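A.B. asks: One structure coming up, written as structure tokens, with questions to follow.
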């Protein structure tokens, strides 16, 4: 979650907690909310953005991104989330981000036909996945890999604001999309570097890994090794 005051957990909690309790009362689970929010945001991004309907697309995606944030509040209201729920939420976030940049990439390439902007959008698409992967892989290795100037909330604000303003009814400002995409492309590359540096400077990051012993096929299948009559299949 962003450290900006208007994106703080306390600010969101004042709005999301009552909504979370209401959704739990009608029988929805946090995982169901995650799937619903992701499906709707992906549909909005992949249907509206390629058609050049950037303002409606940004509104739809933003609404369901906020809706998807309720899953965490729901999990806390019922006493905690599950490990599967955490993995599902992270996976759905990556799918949603990919759909947003993929839909915009289609419009930029085939609607606007702006080759330079295609480059910026591709950078945003790739780095949005890499930034998250660095953190996940680092934490799986017991290292730190968080931080950076651009995290997911800021990334969504920049790209959706740029898309929406560029197609805003009556007072559209078309340069808003290129400005947003290039800003995001540059800051995302910087964030990748920052996270890699954080991993590199984590305690134990440069220690040599101890290679694991190779496992023979017959061992993996539970068959006894030849010459080991005392070992039985398990």
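Yeah, the Cβs are placed from backbone N, Cα and C, and that goes for glycine too.
Heads up, here are the entries from Swiss-Prot:
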BINDING   31, 32, 33, 34, 72, 76, 82  CDP-1,2-diacyl-sn-glycerol binding site
BINDING   68, 71, 89  Mg(2+) 1 binding site
BINDING   68, 89, 93  Mg(2+) 2 binding site
ACT_SITE  93  active site, proton acceptor
A.B. asks: What subset of the binding-site residues 31, 34, 72, 76 lies within 10 angstroms of residue 89 (Mg(2+) 1 binding site), using C-alpha positions?
C.D. replies: 31, 34, 72
A.B. asks: In Å, how large is the greatest distance between any two Cα atoms among 31, 32, 33, 34, 72, 76, 82, the listed binders of CDP-1,2-diacyl-sn-glycerol?
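C.D. replies: Roughly 15 Å, rounded to the nearest whole number.
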A.B. asks: Would you mind checking how many other C-beta atoms are within 10 angstroms of the C-beta on residue 34 (CDP-1,2-diacyl-sn-glycerol binding site)?
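C.D. replies: So the number of other Cβ atoms within 10 Å of residue 34 (CDP-1,2-diacyl-sn-glycerol binding site) is 25.
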A.B. asks: Report the nearest neighbour of residue 71 (Mg(2+) 1 binding site) in space among the binding-site residues 32, 34, 93, comparing Cα positions.
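C.D. replies: Closest recorded candidate to residue 71 (Mg(2+) 1 binding site) by Cα: 34.
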A.B. asks: Pick out which of the binding-site residues 32, 33 has the most other Cβ atoms within 10 Å of its own Cβ.
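C.D. replies: Answer returned by the neighbour count: 33.
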A.B. asks: If I restrict to non-local contacts, at least six residues apart, and a C-beta distance under 8 angstroms, what lies near residue 68 (Mg(2+) 1 binding site) in its own chain?
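C.D. replies: Within the chain, residue 68 (Mg(2+) 1 binding site) has Cβ neighbours under 8 Å at 33, 34, 37, 38, 41, 92, 96.
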A.B. asks: Can you check which residue among the binding-site residues 31, 71, 89, 93 has the largest number of Cβ atoms within 10 Å of its own?
C.D. replies: 71
A.B. asks: Within 8 Å of the Cβ centre of 68, 71, 89, which other residues of the chain have their Cβ, at the recorded Mg(2+) 1 site?
C.D. replies: 30, 33, 34, 37, 38, 69, 70, 72, 88, 92, 93
A.B. asks: Measuring CB to CB from residue 76 (CDP-1,2-diacyl-sn-glycerol binding site), give everything in the same chain under 8 Å that is also at least six residues away in sequence.
C.D. replies: 20
A.B. asks: Whole-number Å distance between the CA of residue 31 (CDP-1,2-diacyl-sn-glycerol binding site) and the CA of residue 93 (Mg(2+) 2 binding site)?
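C.D. replies: About 13 Å separate the Cα atoms of these two residues.
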A.B. asks: Roughly how many angstrom lie between the C-alpha atoms of residue 32 (CDP-1,2-diacyl-sn-glycerol binding site) and residue 93 (Mg(2+) 2 binding site)?
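C.D. replies: Approximately 14 Å lies between the Cα of residue 32 (CDP-1,2-diacyl-sn-glycerol binding site) and that of residue 93 (Mg(2+) 2 binding site).
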A.B. asks: Among all the protein chains here, how many other CB atoms are within 10 A of the CB of residue 82 (CDP-1,2-diacyl-sn-glycerol binding site)?
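C.D. replies: Taking every protein chain into account, the count is 12.
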A.B. asks: So for residue 72 (CDP-1,2-diacyl-sn-glycerol binding site), how many other CB atoms are inside 10 Å of its CB?
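C.D. replies: There are 22 such Cβ atoms around residue 72 (CDP-1,2-diacyl-sn-glycerol binding site).
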